[in-house]
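Below is one structure, written out as structure tokens; the observations come after it.
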Amino acid sequence: MLKILVIDRCHFTRTGIEALLNHSGRFSSSFLVSGINNLLLAKEHILQWKPHLVIADLNSFISETHSSPPINPFFMSCGVIPLILLQSADRQHAPIAPSQSVAHSVLTKHTTLNTLSHTIQEALQVRPALEIPKNATPLLTPQEEKVLSMWMDGVSNNAIAAALSIHGKTVYTYKRNIRMKLHLGNRFSPFLSLPGKGD
């Protein structure tokens, strides 16, 4: 089972790529797809989970971040892992110009599904010889991903507990597990570089 990490602020892009990989019938391999909407957490996610391919729209983070986003640490964490960069054609900022040694391909989000599928197949063929586990597991459980998403949106623990129908103490446990898995130093770590946080 091949592990693919999709990094994009857009929920529809993350779920759409997962549907393309797992439900379109275009691929013969089986995939475990993990989606993340936070560039700050992407580096640790890559280092801990070791995906076989990373697909990312970095422009969405640049346009929404007032301070400089952690682009270079992101590229360094990818290392030899193939990277497909997606770019929104309707954005009004300068595109990211990664070195050719870093990105396998740069595509717009208006690329056809055939082209995207072909590019993914190519990237997976040139990937480094990483161990392919028979039963891969995501770094975060689906429930932890929900808690992280709401936590990043600034939702209170009580509201998270109510939304997920869990006890308030369970929210603390999930947050502790997320911090341990992503090697975050303290409970405020996910918010250190987000605009408007900590002011």
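From the backbone N, Cα and C atoms, a Cβ is placed for every residue, glycine too.
Looking at 37-56, 77-96, 157-176, the range annotated in Swiss-Prot as DNA-binding region turns out to be 157-176. Summarising model confidence by region, the DNA-binding region (157-176) averages a pLDDT of 91.
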